[in-house]
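Residues or ranges marked as substrate binding site in TrEMBL: 81, 99, 104. Residues or ranges marked as active site in TrEMBL: 182, 286.
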């Protein structure tokens, strides 16, 4: 979705006609505050105010759909390993800031009176968070912004994240950023997983100095470390888990790129907050805007939306049938 002129800032003071959402605020690991969302049919999600970080997404059977490291460190300023970290205002090392920027290790606050928020879900299971720069942030990234994040559960258990980033610079200067929802999916066995929807696309390989290549396979499968940024990707991508007969479907808007990452065994052993064998049970497929940074003029707002769903996979000729998912859902 392209940038657009944001509503006047006074809109935030206008009472919303939407009834207040139902969520439960409680203490999580190490006393960090988290929001619990539960949809009426039983699906749920957890969002830590630290990082605006979704750490859990369960279906109506109580099955965990996101991967969270057993060694995740819930202690600022360390980012939480797993779930859905938010990379802003920089993805990876694509800039001068720390890896993946600072949004994932800042404390967000609940926004109980957000500006009007177009939404296509009737769910009351949502929470609005907001992040504004601190004085320390302004020293390393000298821009004024408002980052509003809505996390919602749809009636069918879908997880939806919508980010709205607005340039509030008083000096009339634009700013640019890169972005990603760094989603860790829980999978049965990385060797049994395939990703559909990225075939024949160009990608930047972070393992080869961001050199550009074209994907040759008819699907992505995994036999070693992978760290690729796929460019100009479709709005829908499917992750097929053969063993669990489950397919994750990503739908995205405003996020042209897709990052695919798994550290594999050697790198996993070097990561203090990831158990040695946990790489087998995780796969990151990330909706992102990396190759071309997003630039906002003062008053402009950008929106980036991610919708995740998990559906049973069907078999076709002995393999999971992705086309039904990619075309028919």
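Each Cβ is built from the backbone N, Cα and C atoms, and glycine gets one as well.
Predicted, not measured: the structure shown is a model, and the values here were computed from it.
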Cβ atoms near residue 99 (substrate binding site) (within 10 Å, other residues, all chains): 13
At the level of the C-alpha atoms, what whole-angstrom distance separates residue 286 (active site) and residue 81 (substrate binding site)? 14
Quick one: pull the CA-CA distance for residue 81 (substrate binding site) versus residue 182 (active site), whole Å only. 10
If you measure residue 104 (substrate binding site) to residue 182 (active site) at Cα, how many Å is it? 10
For residue 99 (substrate binding site) and residue 182 (active site), what Cα-Cα distance in Å is obtained after rounding to a whole number? 12
State, in Å as a whole number, the widest CA to CA span among the substrate-binding residues 81, 99, 104 given in the record. 13
Give me the count of other Cβ atoms within 10 A of the Cβ belonging to residue 182 (active site). 23
What other residues of this chain sit with their CB within 8 A of the center of the CB atoms of 81, 99, 104, the recorded substrate site? 78, 79, 80, 85, 87, 100, 105, 182
